[in-house]
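Annotated features, as they stand in TrEMBL:
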| type | residues | note |
| --- | --- | --- |
| BINDING | A:42, A:43, A:44, A:45, A:46, A:47, A:48, A:49 | ATP binding site |
| BINDING | A:216, A:219 | [4Fe-4S] cluster binding site |
């Protein structure tokens with residue numbers, strides 16, 4: 001409770017002050033970060049957090065140092081997906097020390113989930129308070145030297161997104177990965193997210209279509225539960241590269257408990273191949 | 001740049017306090033004048049206006065879920081269509097307050113329609129004679145238009161939806177919400193508080209990652225003190241259309257919605273399967289109830305809707321409410 005109060009009032013009161021000063025802090029804190037990637041989707045429940053965590057793990061497996069920042073304040077999923085639910089963030093003189101998912105400290109994670117005492121507690125915050133928190137996440141976390149900072153976002157095009165976009169404007173933000181599912185209802189919302197990126201000048205790496213088809217374990221028939229082809233159609237419509245198609249795999253859902261990379265536990269699965277290719281593409285485009 | 005004392009956060013009385021702007025700590029605060037003027041403490045007249053406007057609405061239901069993509073909009077459309085078709089004398093309306101991602105125009109099959117302005121306010125779009133819808137989707141010129149709004153603007157829009165739409169006399173007004181526990185939810189619940197919220201329907205999917213967020217939503221309902229009618233679990237099983245084998249795509253490793261409902265002491269209204277035909281109907285905006293009337297999903301849905309009707313009736317006669 002103390003923590004919530006502290007943040008709320010600091011934000012309310014400093015509203016005007018922070019706007020001018022933030023860039024300086026940001027520059028310092030994100031100095032050691034080489035690349036920033038955003039994972040976005042207008043729609044909820046399409047797999048943003050799953051893709052973010054698996055991508056972070058896959059980059060880590062490829063030898064990079066990775067940071068994962070979860071700015072979904074009302075529904076943080078990253079701590080659960082990486083099996084870090086009971087961990088705490090520590091405060092140092094330089095700022096917040098993120099939680100490390102591995103012994104070698106190659107994957108650093110920050111989420112509001114680490115700051116809550118009880119997992120059932122809801123964060124009932126209006127925009128300005130969320131904005132304050134997101135700013136703190138961007139300015140007060142000691143990431144140290146990392147190659148990739150992946151930012152996992154909530155659905156929509158509102159406070160969290162505007163804040164992240166505004167604050168990253170002065171830092172090198174490499175671009176956004178847009179996640180969608182194939183059905184028209186999801187594509188509608190994702191189209192709006194693409195518009196958001198275009199309006200705000202965020203580069204889009206490409207579109208990932210998740211939950212593309214389900215292979216029945218007993219008869220091997222592939223059913224397109226959420227219809228098919230929505231992601232490709234969208235990428236053509238908005239002229240953005242189509243990066244990958246990830247099938248529904250209940251095995252991947254179960255990985256959540258272990259916090260392990262699909263590359264390690266299910267190296268031969270289709271999902272693993274997709275992530276291997278994705279890492280390749282991302283790292284290549286960086287070097288070029 | 002302003003010089004801010006580092007301990008300001010601990011002693012700020014808060015904008016709603018009667019000491020706002022008057023406490024010693026406020027002296028250096030750039031917002032002191034605003035707080036001291038008392039603006040922040042004046043009662044909001046909108047709540048009364050909304051109360052008057054919605055006085056002809058018998059039941060006001062909210063469909064909530066902390067998690068996105070669990071089927072809030074799908075289930076909202078199913079419940080509203082089911083209520084409307086059950087009795088032509090029942091008037092049902094849906095209000096889509098998902099400002100950044102409105103889905104109702106598509107799932108109810110009225111995408112591209114326009115809202116008209118009349119002397120008594122905005123006229124909602126009618127899907128059936130007794131089923132109407134209002135959504136920000138109708139106000140956008142282009143389907144690709146993004147609504148890039150921060151909280152206060154979203155709140156303003158919801159206020160307008162609640163106070164300026166000419167619903168007429170309604171039996172059920174169902175609010176479809178975005179995921180989360182933020183501006184839209186706080187605004188809707190605080191504006192509706194005076195008008196009275198009949199209850200909340202919580203939607204979840206079986207897997208733990210969704211349940212985590214849904215627990216937060218239940219915590220939210222308790223914090224703002226609105227009754228929960230019950231929990232519906234969506235996408236619980238998938239029946240392969242080829243071999244009729246049922247598979248758990250989103251495995252309920254922790255017992256799913258049913259166990260959570262029991263644990264948190266809320267009613268479990270039922271489970272709906274993951275039905276590709278239903279998903280297809282939603283995408284095309286067709287009425288699932290008339291398109292595939294033989295589907296077992298519809299039977300389950302009808303039991304759930306009957307439970308909702310019963311609970312609403314019960315709440316209307318407060319003597320029969322069980323206080324648990």
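Even glycines carry a Cβ here, placed using N, Cα and C.
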Taking 10 A as the limit, how many CB atoms besides its own sit near the CB of residue A:45 (ATP binding site)?
27
Densest Cβ neighbourhood among A:46, A:216, A:219 (binding-site residues), 10 Å radius:
A:46
In whole Å, how far does the CA atom of residue A:45 (ATP binding site) lie from that of residue A:216 ([4Fe-4S] cluster binding site)?
21
To the nearest whole angstrom, what is the C-alpha distance linking residue A:46 (ATP binding site) and residue A:216 ([4Fe-4S] cluster binding site)?
20
I'd like the number of other C-beta atoms within 10 A of the C-beta of residue A:47 (ATP binding site), please.
23
Around the C-beta of residue A:48 (ATP binding site), how many further C-beta atoms are within 10 angstroms, looking at every protein chain?
29
Which whole-number value in Å describes the distance between the Cα atoms of residue A:42 (ATP binding site) and residue A:216 ([4Fe-4S] cluster binding site)?
29
Candidate nearest residue A:219 ([4Fe-4S] cluster binding site) in space, where candidates are the binding-site residues A:43, A:44, A:47, A:48, A:49 and distance is Cα-Cα:
A:47
Among the binding-site residues listed here (A:43, A:44, A:47, A:48, A:49), which has the Cα closest to the Cα of residue A:216 ([4Fe-4S] cluster binding site)?
A:47
Same chain only, sequence gap of 6 or more: which residues have a CB within under 8 Å of the CB of residue A:44 (ATP binding site)?
A:154, A:155
Protein Cβ atoms within 10 Å of residue A:49 (ATP binding site), excluding its own:
27
Tell me the Cβ contacts of residue A:43 (ATP binding site) under 8 Å, same chain only and six or more apart in sequence, or just say none.
A:155, A:180, A:181, A:185, A:186, A:189, A:190
